[in-house]
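Have a look at the structure below, then the notes.
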């Protein structure tokens, strides 16, 4: 007969079973301790975003009593709609629902934007931690989470760091298609981001990564080892988990080496895939770093009227054309918020 003491400890406690379930690798979807934080924050951000995108009233984004409509119920469509950033009247103040005198005031001042952005930021950081956690439990290396840190850094730059540097959440990127375009145009006007070296590295990372991905995929697809007849798809010959190579890396290496030159092609599959991961990740890191420095007005290069002839007359360059375009965009945005051509805020 089992004693009461042994019977008490024979069945694990509810907390112990919960901990085992959270950390279990046998779940269809891994939860993890970062997932315990990720799930409620991302669900909150997604729910509030959907509701606000559909039905939020106009927001006084500039703090001058001129509300901007962003939701579908107030005349927008999928392209023009957005969750409008928190009002400039709020600035960087923490603005939860209980800080407003009423729900209408909270909505008028753009409270949903701050709620979404803060929960979203915690959620994506938790997702990155969850990637590391699952990799650790499976005995894998941690580079999946490191790669994901690039989009996390980019989102943090436009939603958190830039508003902090500019002094108001109203300067954050709107949560919508046209709002994103407006953010990009105003960012160019105020910071000349196209002339910033870190943005150039980001462009090289994104477009270069796309090029390298397309090149790698097409080379592999073109050098598959056929395991089927001519009447069957070549893809049928692959069995998940097979030990044999699925493509001829020697043939792919030889083709690319002859197409360009010998040392342009990788002869090591591991170094090749490391390069494919590193190139876009480092580029996006630099872009995020550039946006974060421009948040504090360390802007792109300004070569305004830098080329002159022997008589001192200006010879216009494309840099001068860009500067003229920047001035045009600058004077047209927030045109009722200030009385000077340049934004003196």
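Every residue, even glycine, has its Cβ placed from backbone N, Cα and C.
The chlorophyll a ChlzD1 binding site feature in Swiss-Prot is assigned to 119; the stated evidence is sequence analysis. DSSP assigns residue 119 (chlorophyll a ChlzD1 binding site) to a helical segment in the three-state reduction.
Cβ neighbours of residue 127 (pheophytin a binding site) (same chain, under 8 Å, six or more residues apart in sequence): 34, 38, 42, 148. When secondary structure is read from DSSP and collapsed to three states, residue 127 (pheophytin a binding site) falls in the helix class. Per Swiss-Prot, pheophytin a binding site is recorded for 127, and the stated evidence type is sequence analysis.
Taken from Swiss-Prot, the feature [CaMn4O5] cluster binding site covers 171, 190, 333, 334, 343, 345, and the record attributes it to sequence analysis. Just so you know, the Cβ of residue 171 ([CaMn4O5] cluster binding site) picks up 23 other Cβ atoms within 10 Å once every protein chain is counted.
Contacts of residue 199 (chlorophyll a PD1 binding site) defined by a Cβ separation under 8 A and a same-chain sequence distance of 6+ are given as 193, 287, 290, 300, in order along the sequence. The annotation chlorophyll a PD1 binding site is assigned in Swiss-Prot to 199 on the grounds of sequence analysis.
Taking the Cβ of residue 273 (Fe cation binding site) as centre and 10 Å as the limit, one finds 12 other Cβ atoms among all the protein chains shown. Among the features that Swiss-Prot reports, Fe cation binding site is placed at 216, 273.
Residues or ranges marked as quinone binding site in Swiss-Prot (evidence: sequence analysis): 216, 265, 266. Note: residue 266 (quinone binding site) has non-local neighbours 253, 272, 275, i.e. same-chain residues 6+ apart with C-beta under 8 A of its own C-beta.
For residue 162 (site 'Tyrosine radical intermediate'), the same-chain residues that are 6 or more apart in sequence and have a Cβ closer than 8 Å to its Cβ are 171, 172, 173, 291, 292, 294, 295. The site 'Tyrosine radical intermediate' feature in Swiss-Prot is assigned to 162.
The site 'Stabilizes free radical intermediate' annotation in Swiss-Prot covers 191 and rests on sequence analysis. The secondary structure of residue 191 (site 'Stabilizes free radical intermediate'), as reduced to three states from DSSP, is helical. Its Cβ taken as reference, residue 191 (site 'Stabilizes free radical intermediate') is surrounded by 22 other Cβ atoms within 10 Å in the chains shown.
For 30-47 (among others), the entry in Swiss-Prot reads transmembrane segment, with the evidence type sequence analysis.
Taken from Swiss-Prot, the feature transmembrane segment applies to 119-134 (among others), supported by sequence analysis.
Residues or ranges marked as transmembrane segment in Swiss-Prot: 143-157 (among others). Nonlocal intrachain contacts for the transmembrane segment (143-157), taken as residues 6+ away from its ends with a CB within less than 8 angstroms of a stretch CB, comprise 120-121, 124-125, 127-129, 131-132, 135, 277, 280-281, 284-285, 287-289, 291-292, 295.
Per Swiss-Prot, the feature transmembrane segment maps to 198-219 (among others); the stated evidence is sequence analysis. If one looks beyond the transmembrane segment (198-219) by at least 6 residues along the same chain, the residues whose Cβ comes under 8 Å of a Cβ in the stretch are 252, 255-256, 272, 275-276, 279-284, 286-287, 289-290, 293, 300.
The transmembrane segment feature in Swiss-Prot is assigned to 275-289 (among others); the stated evidence is sequence analysis. Long-range contacts of the transmembrane segment (275-289) within the same chain: residues 143, 146-147, 149-151, 153-154, 156-157, 198-199, 201-206, 208-209, 212-213, 216, 266, each at least 6 residues beyond the stretch ends and with a Cβ under 8 Å from a Cβ of the stretch.
In terms of C-alpha distance, the listed binding-site residues 119, 190, 265, 333, 334 place 265 closest to residue 216 (Fe cation binding site). Counted over all residue pairs in 216, 265, 266, the record's binders of quinone, the longest Cα to Cα distance measures 11 angstrom. Taking only the Cα positions, the spacing between residue 333 ([CaMn4O5] cluster binding site) and residue 273 (Fe cation binding site) is 44 angstrom. Residues 21-24, 115-117, 119-120, 122-124, 126-130, 132-134, 137 of the same chain, all 6+ positions outside the transmembrane segment (30-47), place their C-beta atoms under 8 angstroms from a C-beta of that stretch. Recorded residues residue 334 ([CaMn4O5] cluster binding site) and residue 191 (site 'Stabilizes free radical intermediate') have their alpha carbons 16 Å apart, per Cα-Cα distance.
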